[in-house]
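The phosphoenolpyruvate binding site feature in Swiss-Prot is assigned to K31, N32. The annotation UDP-N-acetyl-alpha-D-glucosamine binding site is assigned in Swiss-Prot to R100, R129, P130, I131, D132, Q133, T170, V171, T172, D311, I333. Sequence annotations record features per position, and here Swiss-Prot assigns active site, proton donor to C124 based on sequence analysis. Among the features that Swiss-Prot reports, 2-(S-cysteinyl)pyruvic acid O-phosphothioketal is placed at C124.
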Amino acid sequence: MKNTTLYTYRDYFVIRGGKPLTGKVKISGAKNAALPIMFATILTEEPCTITNVPDLLDVRNTLLLLRELGAELEFLNNTVFINPSINSFITNQEIIRRMRASVLSLGPLLGRFGRAVVGLPGGCSIGARPIDQHLKFFKEAGADVEVREGYVYVNLKEKRRVHFKFDLVTVTGTENALLYLASVPEESILENIALEPEVMDLIEVLKKMGAHVKVEGRSAYVKGSENLKGFTHSVIPDRIEAGTFMVGAVLTDGEILLENARINHLRAVVEKLKLIGGEVVEENGNLRVFRKESLRACDIETQVYPGFPTDMQAQFMALLSVAKGKSRIKENIFEHRFHHAQELNRLGANITVRGNTAYVEGVERLYGSEVYSTDLRASASLVLAGLVAQGETVVRDVYHLDRGYEKLEEKLKKLGADIERVSEL
C-alpha cells in the first residue's frame, strides 16, 4: 500500500474567515460507495480493480482489515488493486472499532465461509446506530447469531433463499444483505431497501461479479452465484463532498465549478440551496455554484434518499445561521445529531435545539473562536462557519474530517480560503 501522510488525532485547523471560495474543485470518489465495494471483493477469488477511491482513514482501515483477512493489495493514485486470497473469517477487533462500516464484512464473510466473527463497529458517535436490522436479516437467512464480549458470531447452517422486509430503511443493512445474497444461487427478495446512489453503485458491482439484481420500487430481487467473478469498477462521485462545497460557495458569496459531480444525486440539496438564495448551473457535465440572492431562511427535514440527506444537515445549519429570518431543521434519521449547534453558537450563531428539531435565527455575522468537532459532518459545518467568521477560528479534533473528506484543507486553499492544518505531536 503506497503510503501518504496520515494525520494525527491531535491535528486542528486555523481558519481566518472573510475570503470567498472561487475557482474549480474536483470531487473525490464516494467513501460510502467505496467501502462496501471493497468488502465485495471478499466474495471472489479473482483479482479486482477499483478506481476513483478516496484516500481516507476509513478506506485505509478497510484495506488493513482486508489484508488481515489474507488479501494481497495495493493502493496507488486512488486505485485499489486487490487479490482477495481471503483465508480467515475472523476480523481484527482493533481495526473494526475505528469505523462503523466494518460491519459490512459480515455479509461477504458469511457468503464465502458460512461463518463470521466480527467486532462491534465504531465510527462517528451519532446517537444510537444499532445493527439490529443486520442481525435480524442474518437470522432470517438461517444463521445462528450471537453477540457477546464485543463480537458478533454468525454461523450459517445452509444457504437458502430469503424473503426479508426491513423494519426501517437502512443503508448499511441493505448493503450487508445484498453482499450476502450475491452468494446465494436461489432468488431472494428484499423489501423496504435503501435507494441511495451508493447502494446502487454496489449493485452495479455485484452485477459485474455475476449476480442478478433487479430493483423495483423499494424491493430488490437477487439471484446470486457461488462462483462470483473479479471486476473493474470506478466509484461514483461523493455527493456529500459536492454538497459541502456547494454550501461553501453560497455561504462565502463565491463561485465554484465542481468537476466530477452528479446533479441527479443532489436534487434535494440543490432545491434547498436555491430556496436559500444559491444558484446551481450545469455546464458540460460540471456544476457551477454561486450566490444569486441574499440568504434567506428555509425549513429543512432530513429524509431517506431521495429526500434531503442527513449528512448535509450540519452544513446547511452553518449556512442558515447567517440567513435572514428563522429556519427550522428537523432531523429524522439519527438521534442526537445536533452537537454542532452548540459549537456554532460559540461562533455567534443563534440556534436552539428541542428534541429532534433545531431552530435557527439568522445573525448578521459570526465571530472567530475555538470550537470542537464531534463527528464527520459536524466538523464540516464548523469549517464552513469559520470561512465566514470574522477573525480567527480554531477547529479542534479534525481527525473526524479525515474519515470522510479527501485533502479538504488543500482543496479549500486552492479556492482561496485562509486555512492551515496544525499538528500537535
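Here the Cβ of each residue, glycine as well, is placed from N, Cα and C on the backbone.
Around R100 (UDP-N-acetyl-alpha-D-glucosamine binding site), a 10 Å sphere centred on its CB holds 21 further CB atoms from the protein chains shown.
Around the Cβ of T172 (UDP-N-acetyl-alpha-D-glucosamine binding site), a 10 Å sphere holds 24 further Cβ atoms from the protein chains shown. The least crowded of the binding-site residues N32, T170, judged by other CB atoms within 10 A of its own CB, is T170. Following the DSSP three-state reduction, the secondary structure of T170 (UDP-N-acetyl-alpha-D-glucosamine binding site) is coil. Of all the binding-site residues listed here (K31, D132, I333), the one with the fewest other CB atoms within 10 A of its own CB is D132.
Residue density at P130 (UDP-N-acetyl-alpha-D-glucosamine binding site): 11 other Cβ atoms are found within 10 A of its Cβ, drawing on all protein chains shown. P130 (UDP-N-acetyl-alpha-D-glucosamine binding site) sits 20 Å from K31 (phosphoenolpyruvate binding site), taking the Cα positions as reference.
If you take the Cα of T170 (UDP-N-acetyl-alpha-D-glucosamine binding site) and the Cα of K31 (phosphoenolpyruvate binding site), they are about 17 angstrom apart, rounded to a whole number.
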